[in-house]
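Trainee: After the structure tokens below, expect a handful of questions from me.
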Amino acid sequence: IGLLASTPFFAILSDKYQNRRIPMMVGMLGLAVATIGFSLASNYWVLIIARIGQGSAGGASWTIGLGMLADVYPPDNLGVVMGACMMANAIGFMMGPMVGAYFYEYHGYAAPFIFCAALAIIDFLCIVFIAEPEKKKRTSSGSDNGSRSSSSNSSNVSEHSSDAGEHGTRRSGPSTDQEVDALTIASTDGAGEVPTTQTMVAVERTLAVMSDPVKTQGILEDALHHEQHVKERQEQDHLLPQRPNGAPSATHEGYGLEPIFPLYLQDLLNATPTQTGLVLTAAIFPTLFASGIGYVADRTGHFYVSLVGMVLFAIATFALALPRSFLGFIIPLAIFGLGSSTILTPLLPAMAEV
């Protein structure tokens, strides 16, 4: 509930105000507070509230963090970058069950949560020193270029308009080389782009009233102003691709195993928390190859790699019900983790491309 509610809120907020760091800092502080809430919980409902707070904090940190990566890396290299991010997350997941089990068994229930809250504070301090992606600077630069191009085009077209006005001719369309040049200048940016329908109509209207220089100048200025606005919007959309606003959290492994697997191992094999943590490592270890999976996906296609991951995940999920020993769980869990990573890693750059 917390993740679903906070993800669009923080994503829209960061896009609107072009700021990534502050929402991430808020998320880290919220994570620290929610984690401390687990250590202080005295009943079930306090645990529920703490879990909602934890999910809300994840909506801030994960979504915006992935959006920050999409801001600064090109789509053809984003799979490798997202894979590296997933790999870092996998290292945390691999250490988490073992470290948490150790603190719980030897230092009490509250110790793992205090340790994680301390990590969240350290993460907060790291985010303070992260540089904000220079999206505004690049956008303003593109706007300036568009303004200079439009000004130059306006000057050239005005010269053609004045020449035609002095001859006192009235035409319904371009019929001379000069008028064709005027149409080309006004409807492109000089780089051979295809003229837009709006600009073609505006320039043709202008050429039809070439006998009146004052009216011609006014119509051309209106058309070029509209074209400049459209061009700036297109440049901005190109420089700032859609962030993965609804990106799933990379803690996907836990959502399938956390509520069931520890209890199942305890009933089946009388597993201690430390033993459960060690067995879960088998599911996390394959995700260390996420960067390599992203590299393959960037070159072969995100869809095909993700499809392979879904097949692996389906096989592994079924196979998890079969083992009757600790060693028997290693291979199904390894395939489970590999399938999870193979599904998610290609999806993040695919969303960024869209």
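Using N, Cα and C of the backbone, Cβ positions are placed for all residues, glycine too.
No curator has checked TrEMBL annotations; they are predicted automatically.
The model shown is predicted, which means the values in this text are computed figures rather than measured ones.
In case it helps, TrEMBL gives these features for our protein:
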COMPBIAS  140-159  compositional bias 'Low complexity'
COMPBIAS  160-169  compositional bias 'Basic and acidic residues'
COMPBIAS  228-240  compositional bias 'Basic and acidic residues'
DOMAIN    1-354  domain 'Major facilitator superfamily (MFS) profile'
REGION    137-178  region 'Disordered'
REGION    228-250  region 'Disordered'
TRANSMEM  26-46  transmembrane segment
TRANSMEM  80-103  transmembrane segment
TRANSMEM  109-131  transmembrane segment
TRANSMEM  278-297  transmembrane segment
TRANSMEM  303-322  transmembrane segment
TRANSMEM  329-352  transmembrane segment
Trainee: Could you tell me whether the transmembrane segment (303-322) and the transmembrane segment (80-103) are in contact, taking contact to mean 3+ Cβ pairs under 8 Å with a sequence separation of 6 or more?
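Mentor: In this chain the transmembrane segment (80-103) does not contact the transmembrane segment (303-322) - fewer than 3 Cβ pairs sit under 8 Å.
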Trainee: Any residues 6+ beyond the ends of the transmembrane segment (278-297) with a Cβ under 8 Å from its own?
Mentor: 78-84, 86-87, 89-91, 93-94, 97-98, 253, 257, 261, 265, 271, 305-306, 326, 329-331, 333-338, 340-342, 345-346, 349
Trainee: So what pLDDT does the domain 'Major facilitator superfamily (MFS) profile' (1-354) average out to?
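Mentor: Overall, the domain 'Major facilitator superfamily (MFS) profile' (1-354) comes to a mean pLDDT of 74.
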Trainee: Are the transmembrane segment (303-322) and the transmembrane segment (109-131) close, by which I mean at least 3 Cβ pairs under 8 Å that are 6+ residues apart in sequence?
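Mentor: Judged by the Cβ rule, the two regions do not touch, with the required three close pairs absent.
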